[in-house]
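Student: Could you have a look at this structure, given as C-alpha cells, before my questions?
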Amino acid sequence: MTSTRKACPICRKPRDPEHAPFCSTRCRDIDLSRWFGEDYAVPGPPAAPDEIAHED
C-alpha cells in the first residue's frame, strides 16, 4: 500500500502541519525567497507597465 501523504515540495521530507505544505521554516523560507527572486511566476501575458502603476 502506498502512502497518501505528500512530501515537502522543496526537500521531499514528510510535511509538518505547523509549516504546511513544507516540512520546516527553512523550506518555507526557501520557497518565499524563490518567489521574491522571481524564480517562480504565475503564467499569463505580461502586464503593461502603465497597468501595473495604476493598480489599486
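Placement of Cβ uses the backbone N, Cα and C atoms for every residue, glycine included.
Where the annotation comes from TrEMBL, it is an automatic prediction and has not been curated.
Relevant sequence annotations retrieved from TrEMBL are reproduced here:
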- C8, C11, C23, C27: Zn(2+) binding site (BINDING)
Student: Across all chains shown, how many C-beta atoms besides its own are within 10 angstroms of the C-beta of C8 (Zn(2+) binding site)?
Tutor: 21
Student: Tell me, by DSSP, whether C27 (Zn(2+) binding site) is helix, strand or coil?
Tutor: helix
Student: Once C8, C11, C23, C27 are set aside, which residues in the chain still have Cβ within 8 Å of the Cβ centroid of the Zn(2+) site?
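Tutor: Result: A7, P9, I10, R12, K13, R15, H19, F22, S24, R26.
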Student: Within 10 angstroms of the C-beta of C27 (Zn(2+) binding site), what count of other C-beta atoms is obtained when all protein chains are considered?
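Tutor: C27 (Zn(2+) binding site): 20 neighbouring Cβ atoms within 10 Å.
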Student: At a 10 Å cut-off from the C-beta of C11 (Zn(2+) binding site), count the other C-beta atoms across all protein chains.
Tutor: 13
